[in-house]
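Listed in Swiss-Prot:
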- Cys24-Cys42: disulfide bond (DISULFID)
- Cys37-Cys56: disulfide bond (DISULFID)
- Cys40-Cys51: disulfide bond (DISULFID)
- Cys65-Cys82: disulfide bond (DISULFID)
- Cys77-Cys96: disulfide bond (DISULFID)
- Cys80-Cys91: disulfide bond (DISULFID)
- 22-59: domain 'Pacifastin 1' (DOMAIN)
- 62-97: domain 'Pacifastin 2' (DOMAIN)
- 1-20: signal peptide (SIGNAL)
Amino acid sequence: MKTALFLVFALAFIAVEGKMSRACSKPGQTVLAPDGCNHCRCSEKGILMACTKMMCPPRTIEKSCKPGTTFKHKDGCNTCKCSDDGKNALCTSKLCL
């Protein structure tokens, strides 16, 4: 049981590390964060390390939506709310890992 639990945590860590490392092509580089607003620094191993945590402007969508409804952003982790006229939406700007 302990071995299985260890393997689950190890695979989860590898998956997250692999996803984050794709953003860095060289150590020490500064790249745009996954939220599209903040910036992150790449570690010596080339993985995303330290990111700014500025408040980002609201994200908008490019198609109409049903007024007042909420839905998941295309990134899969942020949530959006449709405006009263159905022409815009405001979305959260969480860092998605």
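Quick reminder: no glycine exception, Cβ is built from N, Cα and C everywhere.
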Checklist outcome for this item: Minimal Cβ count within 10 Å, across the disulfide-bonded residues Cys24, Cys40, Cys42, Cys77, Cys91, points to Cys77
Checklist outcome for this item: Neighbour count check, CB within 10 A, over disulfide-bonded residues Cys51, Cys80, Cys96; minimum at Cys96
Checklist entry - Where does Cys51 (disulfide bond) sit in DSSP terms: helix, strand, or coil? => result strand
Next on the checklist: Please compute the mean pLDDT of the model over the domain 'Pacifastin 1' (22-59).
Outcome noted: 82
Checklist entry - What number of additional C-beta atoms lies within 10 angstroms of the C-beta atom of Cys56 (disulfide bond)? => result 17
Checklist entry - Taking each of the disulfide-bonded residues Cys37, Cys82 in turn and counting other Cβ atoms within 10 Å of its Cβ, which one has the fewest? => result Cys37
Item to check | Listed disulfide-bonded residues among Cys56, Cys65, Cys77, Cys91 whose Cα sits within 10 Å of Cys40 (disulfide bond) | outcome: none
Next on the checklist: What whole-number Å value do you get for the CA-CA distance of Cys91 (disulfide bond) and Cys82 (disulfide bond)?
Outcome noted: 9
Next on the checklist: For Cys37 (disulfide bond), which of the three DSSP-derived states applies: helix, strand, or coil?
Outcome noted: coil
Next on the checklist: Is it possible to list how many residues within the domain 'Pacifastin 2' (62-97) are helical, extended or coil according to DSSP?
Outcome noted: 0 helix, 10 strand, 26 coil
